[in-house]
Number of protein chains: 2
Amino acid sequence: MDLLEIRKELDILDREIVHLFEKRMGLVEDVARFKLDTGKAVLDSKREKEKLQVARSYVEDPKLQESITELFQEMMSMSRRKQIGMLLERGRGFSSGFQKLGCLPFSGKSLVYQGAEGAYSYLAGRIFFQKENMIACTHFQEVLSALEEGRADYAILPMENSTYGMVQDNFDLLAKHPKLYVVQEIEFPVSHCLATLPGESFSDIKRVYSHPQALSQCADFFQKHPEIQGIPSLNTAIAAKNLMETGEKGAGVLCSREAALEYGLLILEENLSKKENSTRFFILGKEAVFSKDAGKLSISFSLPHAVGSLYHILGNFLFNGLTLTMIQSRPVGDGEFSYRFYVDFLGNLEQKEVLNALSCLQEEGVDFRVLGNYPSKEFKR
Amino acid sequence: MDLLEIRKELDILDREIVHLFEKRMGLVEDVARFKLDTGKAVLDSKREKEKLQVARSYVEDPKLQESITELFQEMMSMSRRKQIGMLLERGRGFSSGFQKLGCLPFSGKSLVYQGAEGAYSYLAGRIFFQKENMIACTHFQEVLSALEEGRADYAILPMENSTYGMVQDNFDLLAKHPKLYVVQEIEFPVSHCLATLPGESFSDIKRVYSHPQALSQCADFFQKHPEIQGIPSLNTAIAAKNLMETGEKGAGVLCSREAALEYGLLILEENLSKKENSTRFFILGKEAVFSKDAGKLSISFSLPHAVGSLYHILGNFLFNGLTLTMIQSRPVGDGEFSYRFYVDFLGNLEQKEVLNALSCLQEEGVDFRVLGNYPSKEFKR
């Protein structure tokens with residue numbers, strides 16, 4: 001056979017495969033309808049496994065057994081999504097437990113943040129909250145405790161920086177607080193200036209204090225000035241406040257322009273970090289709520305140690321037409337190298353594609369959790 | 001129709017689908033053989049896309065078009081793996097560019113590390129390298145420069161901790177040094193002690209210096225002793241060395257037992273971090289080499305912004321029967337939230353499954369790189 005003939009035969013075969021597949025999906029619908037009408041459970045993972053065994057037994061060439069398994073896993077995954085869709089249409093299946101609200105009640109409410117006035121968390125929080133309702137804490141852990149214990153209505157946490165990556169500790173904190181929910185995302189530009197006490201000049205500076213991420217974001221500056229030492233502190237604005245209070249000579253800080261001004265420091269240089277540098281903040285609340293303008297979801301799950309489990313999990317997004325915007329993993333913390341995954345994707349809890357994907361994820365993942373469904377606000381300076 | 005009848009019909013259908021699929025794989029093999037014999041390129045992504053269009057046009061129910069696309073993508077991905085397998089059998093296709101060596105020549109060679117004697121990098125490095133061949137640096141960046149500029153034969157970097165997660169900066173450093181390769185992995189237990197100057201006692205301690213990861217790993221200790229402040233330093237052993245040199249009163253350090261002893265400090269408490277806590281180190285060299293006992297690969301790639309690209313990438317591991325042991329992502333650093341992925345999996349560059357997966361990854365990923373194929377050594381204390 002030459003290439004043209006083989007291809008002609010392939011086309012005939014493919015047409016037949018499409019036809020059989022359509023027929024199969026119709027039968028799967030019949031099964032689901034029958035089960036729904038007679039009150040039987042629709043999803044049946046035991047039968048799925050048996051079906052895989054049977055399909056393998058049909059193969060003539062033993063080398064193709066793995067491929068057949070792959071093909072049938074895919075077909076059964078599609079069938080499952082179809083069946084879940086039918087369940088959802090009848091008001092059954094997955095319930096997120098989230099309440100729909102008209103809008104998020106930030107007005108007059110309080111927000112707890114880490115740092116001091118002028119910190120990036122503070123500046124991002126001020127987009128939605130009044131100055132007199134901002135509450136400062138020294139550590140991120142205290143921020144979440146303050147929220148949980150009712151000393152604040154909302155909390156703000158930096159989660160990810162476009163240059164530096166995820167704030168690992170804060171993802172771990174989220175995992176430890178299952179009763180807190182993301183209600184708003186803010187993308188806020190980060191731009192550090194070098195500030196010092198009035199009366200000091202650039203040549204006096206020997207030490208520069210700031211948050212480790214800020215020090216790392218200004219690596220170019222430290223490479224240009226090897227005589228200046230970077231010293232980690234808890235927060236950029238706390239570094240600025242401390243410098244004002246201690247009056248330490250020969251010292252500078254990397255902080256926001258606003259923090260430098262707040263604490264009466266002299267700005268020596270601006271825009272020390274990369275131009276395109278922004279941080280994603282989460283505003284967290286205690287209620288599982290979402291609004292109709294919520295366009296993004298965050299979820300987390302662990303995975304059973306089966307080969308391919310992440311692959312099948314991702315298929316639930318892909319084949320529901322959902323767009324992933326982030327995937328990250330963190331060690332579960334059992335001392336083994338096993339992971340919890342964090343996934344963000346676009347959607348709203350009222351979309352049937354979203355509910356379909358979440359239903360499947362709940363079946364397949366361990367410790368599955370919807371962290372929130374929230375609107376996103378990008379702030380430009 | 002009742003459930004039994006529908007299922008009987010499904011079984012008949014499935015048998016037919018298996019039969020057609022087997023026939024299809026046979027034809028795909030014929031195409032590949034024809035192309036190989038006539039010297040034509042085997043992989044043809046343009047034709048794959050056309051084929052998808054054609055398959056969609058065969059569907060009667062328009063709601064099933066997405067499912068058919070999914071099914072055919074899967075089948076074509078299987079065909080591609082089959083064709084790549086045939087190419088590899090004829091000695092064509094992917095070449096890793098890695099040389100096979102009998103064993104790794106560590107004896108008599110030098111190793112550069114970050115920290116000071118007694119640092120965990122130092123202790124892990126000493127498993128393979130002699131004391132007199134260890135070279136200390138202050139920053140990780142210097143460690144890699146020293147290797148690249150020939151001031152050392154090998155370098156050691158901590159990459160991931162089982163409690164704290166990936167050492168983000170060191171993954172970014174790897175990305176910046178495309179001519180360095182991982183030649184050995186070491187999993188080394190981390191156990192911090194609290195040490196101070198001889199003559200001091202526990203009640204004197206007000207400040208404790210250590211690496212930020214060590215401070216975070218001993219969070220329980222700081223929670224029990226809120227009067228003690230944790231202060232970040234560059235490295236656990238450097239903190240110990242500094243304390244010995246400055247003689248600062250009221251100060252302690254968190255470091256390895258070995259570091260405390262090395263610098264003549266008094267050990268006040270042991271095993272302050274979680275019991276099961278270990279760090280993965282990479283030994284890096286300048287040659288792209290692997291040995292027959294190399295059982296793990298590290299690769300990195302970015303992904304085109306197409307929905308599902310990560311899904312299809314993962315399929316290459318799954319359907320070659322390869323086990324993923326780690327997947328991590330880091331921002332590419334273009335200021336957008338776009339990512340480079342780091343994946344570890346079990347295998348050796350001589351296995352055809354590994355070469356098959358790498359061939360596909362090279363086709364599908366952007367900036368694809370094999371970081372190394374290396375043996376793993378787990379050290380217990």
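Every residue gets a Cβ built from N, Cα and C, even glycine.
Summarising the annotation, TrEMBL assigns domain 'Chorismate mutase' to B:1-87. Averaged across the domain 'Chorismate mutase' (B:1-87), pLDDT for the predicted model comes to 88.
Positions annotated as substrate binding site by TrEMBL: B:Arg7, B:Arg24, B:Lys35, B:Asp44, B:Glu48, B:Ser79, B:Gln83. A C-beta separation below 8 Å, combined with a sequence spacing of at least six in one chain, links B:Lys35 (substrate binding site) to B:Ala41, B:Val42.
According to TrEMBL, the feature domain 'Prephenate dehydratase' maps to B:110-286.
TrEMBL lists B:Thr279 with the feature site 'Essential for prephenate dehydratase activity'. For B:Thr279 (site 'Essential for prephenate dehydratase activity'), the same-chain residues 6+ apart in sequence whose C-beta sits under 8 angstroms from its C-beta are B:Tyr120, B:Ala124, B:Pro158, B:Met159, B:Glu160, B:Asn161, B:Ser162, B:Glu187, B:Phe188, B:Val190. The secondary structure of B:Thr279 (site 'Essential for prephenate dehydratase activity'), as reduced to three states from DSSP, is extended strand.
Per DSSP, the secondary structure of the domain 'ACT' (B:298-375) breaks down as 23 helix, 30 strand, 25 coil. Annotation comment: TrEMBL describes B:298-375 as domain 'ACT'.
A distance below 8 A between C-beta atoms marks B:Arg24 as the recorded positions from B:Arg24, B:Asp44, B:Glu48, B:Gln83, B:Thr279 lying next to chain A. Sequence-distant contacts of B:Arg24 (substrate binding site), defined by Cβ-Cβ distance under 8 angstroms and a gap of at least six in the same chain, are B:Met75.
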